[in-house]
């Protein structure tokens with residue numbers, strides 16, 4: 001953690017959740033509000049089909065809501081896609097962009113990610129930009145090269161701490177139960193911090209850097225204690241209020 005940066009916990013429900021799941025969301029919101037939520041910020045990115053209903057359910061609670069992806073255009077003939085403006089209208093304040101599953105399954109490259117970031121800003125959303133290496137890239141000692149390329153290509157020149165959050169998610173750790181070592185995470189987050197400070201000046205010191213990759217209640221304290229880790233991008237552990245709020249409690253106590 002960094003003392004001068006307010007921690008941020010982001011939950012990504014992925015393609016999970018129905019109307020019945022809104023009870024868990026409400027429990028998370030209540031827990032965040034009563035769990036010294038002013039000490040940190042919490043976000044849940046629900047499926048687009050739940051976003052509007054989730055917004056109405058929370059009715060002004062301190063829990064933030066986000067989308068999991070957006071198109072790079074504001075509108076148009078893109079069957080099945082959702083624009084950033086649509087997410088904003090439905091109640092989102094943030095949107096995940098460039099998640100490893102989008103980069104690998106849908107072959108979204110840095111240029112597409114960058115265009116989506118700009119679309120998110122245009123709609124008034126904060127972009128949560130994901131970067132990370134594959135197992136093959138890790139085994140070939142290309143981690144820093146890959147991250148440098150993704151940072152350069154995915155972030156527009158007018159990136160600020162107000163419009164962007166960065167999440168480092170080693171692809172090989174997502175949903176596998178594996179996590180990088182604390183030493184490796186510290187090195188990577190220091191590298192990211194150095195890169196964004198070199199490019200964006202002092203603004204780079206203010207941008208929140210999250211770690212994502214099998215973040216669980218049992219690993220939260222160790223991960224959130226690492227220097228330059230300003231929060232977490234949480235997958236499966238965000239689906240249940242008891243798990244997500246346990247991580248929130250760890251964050252509160254640090």
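All residue numbers here begin at 1 and follow the chain in the order shown.
Cβ atoms here come from the backbone N, Cα and C positions, even for glycine.
The following features are taken from Swiss-Prot:
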- 12, 13, 14, 175, 214, 235, 236: substrate binding site (BINDING)
- 99: active site, electrophile (ACT_SITE)
- 169: active site, proton acceptor (ACT_SITE)
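Overlay of Swiss-Prot feature records on the structure.
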| residue | record | DSSP (3 states) |
| --- | --- | --- |
| 12 | substrate binding site | strand |
| 99 | active site, electrophile | coil |
| 169 | active site, proton acceptor | coil |
| 175 | substrate binding site | coil |
| 214 | substrate binding site | coil |
| 235 | substrate binding site | coil |
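Residue pair residue 214 (substrate binding site) / the residue listed as 'active site, proton acceptor' shows a Cα separation of 9 Å.
A gap of 15 Å separates the Cα atoms of residue 14 (substrate binding site) and residue 169 (active site, proton acceptor).
The Cβ neighbour count for residue 14 (substrate binding site), using a 10 Å radius over every protein chain in view, is 18. Of the listed binding-site residues 12, 214, the Cβ environment within 10 Å is emptiest of other Cβ atoms at 214.
Distance from the CA of residue 175 (substrate binding site) to the CA of residue 169 (active site, proton acceptor) is 11 Å. Other than 12, 13, 14, 175, 214, 235, 236, the residues of this chain whose Cβ falls within 8 Å of the Cβ centroid of the substrate site are, in sequence order, 174, 234, 237, 238, 239. Sequence-distant neighbours of residue 236 (substrate binding site) (same chain, 6+ apart, CB under 8 A from its CB) are 175, 216. Residue pairs drawn from 12, 13, 14, 175, 214, 235, 236, the listed substrate binders, are separated by up to 14 Å at the Cα level. The CA atom of residue 12 (substrate binding site) is located 10 Å away from the CA atom of the residue listed as 'active site, electrophile'.
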